[in-house]
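Novice: Here's a structure for you.
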Amino acid sequence: MSTNEGIAVDTAPADEDAPESGPTFADLGIDDRVLAAIADVGYESPSPIQAATIPPLLSGADVVGLAQTGTGKTAAFAIPILMNLDTSQKKPSALVLAPTRELAIQVAEAFGKYSSHIPGLHVLPIYGGQSYGVQLSGLRRGAHVVVGTPGRVIDHLEKGTLDLSELKYLVLDEADEMLKMGFQEDVERILRDTPDDKQVALFSATMPGAIRKISKQYLNDPIEITVKSKSQTATNITQRYVQVSHHRKLDALTRVLEVEDFEAMIIFVRTKQATEELAEKLRSRGFSAAAINGDIAQNQRERTIGQLKSGALDILVATDVAARGLDVDRISHVVNYDIPHDTESYVHRIGRTGRAGRSGQALLFVAPRERHLLKSIERATRHPLIEMQLPSVEDVNATRASKFGDSITENLASDNIALFRKLIEDYEAEHNTPLADIAAALAVGGYDGDNFFMSAEPEPAPRRERDRDRDRDRDRDRDRAPRRYDDEGDRGRSFSRAADGQELATYRISVGKRHRVVPGAIVGAIANEGGLRRSDFGHISIRPDYSLVELPANLSNETLEALRRTRISGVLIQLQPDSGPPSQRLASRAPRREPGQGRRPERRQPRS
Ligand code: AMP
């Protein structure tokens, strides 16, 4: 196969403040069925990676995309694949390889969303840790798109239960992560053993030598797409960020709205639906808010912006498209409620404040998993954002009390004060009631006393949202998990708790230096087959004939059984709780339990 240097696509607009005029989804040549699905999920316009990647993929070219999670890369590869699938074909036409089962599930769900108007299309996630039965029946029924982790895909290939002889599209998602997890051999094998004329798309956040080599060796003249960010932000805008998980965003926004002194505010969200939903939630909390998005008729949009200009409206909830070119001097604050996909959008968004020589405030909500997007914004704008602490319940309540006082002061200047003073004096005389009691009774009529002060604990998120958030946070931990490896067992530095604080125990596996194992291969195999996350791993020590691995102490019997049967470099790892002499064990700083000893320790250790 021939290779070339590829083409770098620069999507940065020349003039940052000019209204962006990027392509629409229809401009990219997307067919009606997929356009309808995109409209259902509420995306207004393609993200830069989508605008740059979809046309070459539709033309049949191989693509290497430098893109991270959060940029919209899943739709960038899923949309062209979905448009060209032949649903009468029984064998899989598309295979997406993903490093973890969470990502595999997420990508399969995304395919499901974007194909909601394509009847009869089947997408199947296959990953380690799930029983083969479900996957086998899915494969037998016929899946057009298979999304899998490399280890499990290889297993199915070896068992003869997955037939890739008709494969037309292969996507390597988060390729650098797959390599870090020790899947290089598996990935290369899949690239080699699938039809030569397949189209390949490789996405990676970084481009280490090994990925470049894979791309040279297995891709055909790939077009390389890098979303470059050349952006500058104005110095009269103070830029801050708040770290807040997804389910707390509304609470966080409400606190900001209560405590920050703002004149007018524009709040950016990603989808049209989100503009309407958030504006409605704010209105029901007593704020003057309206939504604008690409679906709103021009005259309505102009009316709303007119209200914002005149002060009849204070808060606008908008998508990027709807806010293009918006120029309203009163906007003192921009809130990025949903973090933008790319730096150009960020620069354009925050440029809606600080107009006409005024100063402006920009605030960015960053969920734990989105920190890399914050970092790329800071890198591209060469401007570090200041971390802001969310206003506390006390701050909110102090503001409420002081606003209550302000309203008294304001009303004392009213023309009607004489009228009401007379009525109150009459009441006082007749009922012999102290004036403070009468004033308080009047306030009861005007305010909701039960909810006047914010209670200490915010409302818990609905369960499903909490679970989603916990998953996102766990993924964050996975990304940040402190992992240290050694070759000879540096006993003084071992871990006894995983990144998320869970208790770890030491397990022994029957592969070591002699088998040329590397930590990445151990993490990859165990995570894949045991359904574990990287944050579940503690210390790994590779000895000449075996290795010691710290894993959660409460692994279920089912997981233990799956891990006993797992192979690394063809060798059965026979994972078992380590019972070697103390000198062979990984040292521990905290008391530990025996592995597999139930879910909860009797007494919880304080988290460090
Ligand atoms: P990804 O990088 O593929 O994980 O996507 C990150 C998030 O962006 C997901 O929540 C997608 O649903 C969302 N998303 C993808 N494309 C768009 C788009 N064009 N407009 C708005 N949101 C999008």
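Cβ atoms are placed via backbone N, Cα and C, with glycine included.
Just so you know, TrEMBL annotations are computer predictions that nobody has curated.
The feature compositional bias 'Basic and acidic residues' is assigned by TrEMBL to 460-493, 591-608. Residues or ranges marked as domain 'DEAD-box RNA helicase Q' in TrEMBL: 23-51. Residues or ranges marked as domain 'Helicase ATP-binding' by TrEMBL: 54-225. The domain 'Helicase C-terminal' annotation in TrEMBL covers 249-397. The region 'Disordered' annotation in TrEMBL covers 1-23, 453-497, 574-608. Look at TrEMBL and you will find 23-51 tagged as motif 'Q motif'.
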Novice: For the motif 'Q motif' (23-51), what does DSSP give as the number of helix, strand and coil residues?
Specialist: 17 helix, 0 strand, 12 coil
Novice: The domain 'Helicase C-terminal' (249-397): mean pLDDT?
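Specialist: Across the domain 'Helicase C-terminal' (249-397), the average pLDDT comes out at 91.
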Novice: Determine how many residues of the domain 'Helicase C-terminal' (249-397) DSSP places in helix, in strand and in coil.
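Specialist: Here the numbers are 64 helix, 28 strand, 57 coil.
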